[in-house]
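The feature Mg(2+) binding site is assigned by Swiss-Prot to ASP487, ASP493. Per Swiss-Prot, domain 'KH' is recorded for 554-613. Residues annotated as domain 'S1 motif' in Swiss-Prot: 623-691.
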Amino acid sequence: MFDTHTVEIEWAGRPLKLETGKIARQADGAVLATYGETVVLATVVSAKAPKAGQDFFPLTVNYQEKTYAAGKIPGGYFKREGRPSEKETLVSRLIDRPIRPLFPEGYKNDTQVVVTVIQHDLENDPDVLSMVATSAALTLSGVPFMGPVGGARVGYINGEYVLNPHLDEMDESSLDLVVAGTYDAVLMVESEAKELNEDVMLGAVMFGHKGFQPVLDAIIKLAEVAAKEPRDFQPADYSALESEMLGLAEGELRNAYKITQKADRYAAVDAVKAKVKAHFLPEEGEAKYTAEEVGAIFKHLQAKIVRWNILDTKSRIDGRNLETVRPIVSEVGLLPRTHGSALFTRGETQAIVVATLGTGEDEQYVDSLTGMYKERFLLHYNFPPYSVGETGRMGSPGRREIGHGKLAWRAIRPMLPTPEQFPYTLRVVSEITESNGSSSMATVCGTSLALMDAGVPLAKPVAGIAMGLILEGDRFAVLSDILGDEDHLGDMDFKVAGTADGITSLQMDIKITGITEEIMKVALGQAQGGRVHILGEMSKAITESRGQLGEFAPRIEVMNIPVDKIREVIGSGGKVIREIVEKTGAKINIEDDGTVKIASSSGKEIEAARKWIHSIVAEPEIGQVYEGTVVKTADFGAFVNFFGARDGLVHISQLASERVAKTQDVVKEGDKVWVKLLGFDERGKVRLSMKVVDQATGQEIPNEKKKEEAAE
C-alpha cells in the first residue's frame, strides 16, 4: 500500500532520518523528518497554473507546533491551538527566506508549505529540522525549485563552535546562529550573540555551511529514488521587450535616479513609467504585451539601472558614496511623563521609541512546547502605513512587524542588566513614523536611547545598520545604510547590530551564488565602521544610562524571606498579601525562592509594605520596644497586637508603675500603645510590659528598666 523511501545519516552526533511515501501522499511533496526524537512533517502543494493577472509569487509558509508533540493540552477555554505564536511566526519566516530566492523568476503559481511539529524530545529545536524537511519536500515535489537547501544551528561555547547544540547547551553559548544555504552558497543567517567580533561571526557562518553539507547529500539521495517528474516550466523570454524598453527609457530613468529627494524621485520614475505604459499599452489597437508583463520588466529595468549607476559611478540614489551614513538626529526625553523616550531620525527613516518599566506581574507568560517561562523584556515594533505615505491595513501586527521587532530584541537583549541588578519588567514600543530603509535598525538605535533615558543600566549602547551588496562579474559594491529603493536591488541584504566592541545580532539574506567568504568579510568590516559612526552620533544625545529612574517610573525594592515563610506572607487564599497591597498601595511579587519585589512610585508605600512583610517573617527580639494595638481587655490584663500579626499579654501588673485595680482604667480596645517584649512563659506565650515604656515617646523609662532587671 505504501511506497516508502527512507534516508538516514548521523549528523552532529544524532540520527537524522528523512522519510517519504507513507504520510500526506496527496501533497505534491511530503517528508517526515526525525532528528533525535523530534519529528516534523513538511508538505508542499503548488497550483498547476497561476491565477489570471498574478504579478507576484504567492508563496506561503505555515509552521505550526502541536501541543501534543510535547505531551501537553492547550490552555484556554477551547483547549485547542489558536492563532500562531510568536515563535511559529518567526520560524515560518526562517523557512521562507532561504527557499524563496530558489524558485525561478516568473513562477507565479500559488504555493503553500505547511510544517507541523508532531513530536518534540525537548532536546532538539524543531526549527532547523523544519528547514531541512521543507527543502526535502520541495526537492521531491516536482515543483520548479533550484535546491536543495540545508540548514544548521551554530553555538559558540568556551571558544569553540558547536554544531546543532542541544537546547540545554544553548544556556552556555555566547552565540545562537542559524544558517541556511546550498552546496556552494550561504543564503540566510539569523543570529544573536554576546558581543562577538566579525571574524568569529563569519567563522560561525562558514562552520555552519560546512556542517549542513551531509544533509544536502541525504536530500539528493532521497530525491534519486523518490522525486516526482519535474513540472514543465519555461520562463517567458522578455529580452526583446526589455531591449526595446531600455532604448525608450534608459536616459530618463538614469536622470530620475539622480534625484536625491524620495518624493521627487518617485514622481520622476512614475512619469517614466507612464510614458512606457503609453508606448507598450496603447489605448487603441491591440497591445503586444500585458500590463503585468510591462510592469514586471519595468521593475526589472529599474533595478538594472540603479545597479549600473552604483557600480559605474560609486554614487548612490541619494548622492551618497558607498560608505556614507545618512544624517542622524537623536533626541531623548521628548515624552517626559513616560518612563523613557527617544526620537531617532536617520535620513528619511524615523522612529519614536518609548520604554516602560513594570513589575514582576507585568512579565509575559510564554507557553511553549518546552514548558512555561516568563519573559521580562518585550519589544514591539509598529509600522503604520502613513510612515511611507500610503493608506493601508491597521490592526494586529503582521509577520514582518513581528520579525523586525524580534531582530531588534535580539540586538538589545545581550546588553540588558540581570534581574538581580535591575528587577524590572521592560517593555519597549517602536513607532515607525517615517520609513525609507532600515526601520528595524532605527528601532535598535531608538531602543538603546530610550532605555538609557529610562535609567535602565545597559552594559553598553547598541546601534544597528542595514547594508547591501551588488555583485556583477568580478565587480562588487558594498552599500552602507541602504535606502528602501536599494533594499530589493542588491544581491545581499544584511543587518548588523552591536556595540563598539562586538556584534549582538546579525541577519543576512543572500540572493545569488558567487558571494565569497572574502566579500562577506569586506562587507562586515564596512558595517563595523558604520555602526561605530552611528554610536558616535547617538552619544550626542546621551552617552550612558541615567543615574536615576524617571519621575513617573515605579520604584522596586527587593527583599528575601525564608521559603517556609512564603505561606504566611500570602495567607489563606491570598488574604494576607491582599490586605498588605490594599492598605499600603504597593504592588508585591513573591518568587518561589523567597525573593520579594515591592513596587510603587511612593517610597512611603514601599517602606510600609516592607515593614509589614518583615514583621510577618521575622521573630520579635526580647528586650525590644514595639508599637501595638490593644485588641482585647480582661480582668488579668490586656492583649496587644504587635509586630505584625502577633499578639501578647500585658499582665495587669505590667500596665502601669502604680497599682492598677481595673484593666479598663488604663487601656481600652483599639488604643495604640508601646510595649516591651519581656520574654515567653513556659507555654511559649508572649509576655509584654507597658510600664517600662514612656507611652508618649516610645522610649524605655530608665528607672523602670533597672527595677525590671533587678526583678529578673
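Each Cβ is built from the backbone N, Cα and C atoms, and glycine gets one as well.
The average pLDDT for the domain 'KH' (554-613) in the predicted structure is 90. Residue environment of ASP493 (Mg(2+) binding site) contains 21 other Cβ atoms, counted within 10 Å of its Cβ in all protein chains. Counting only same-chain residues at least 6 apart in sequence, those with a Cβ under 8 Å from the Cβ of ASP487 (Mg(2+) binding site) are GLY437, SER438, ALA466, GLY468, ASP493. Secondary structure of the domain 'S1 motif' (623-691) per DSSP, as helix, strand and coil residue counts: 6 helix, 35 strand, 28 coil.
Secondary structure of the domain 'KH' (554-613) per DSSP (helix as H, G, I; strand as E, B; remaining residues coil): 32 helix, 16 strand, 12 coil.
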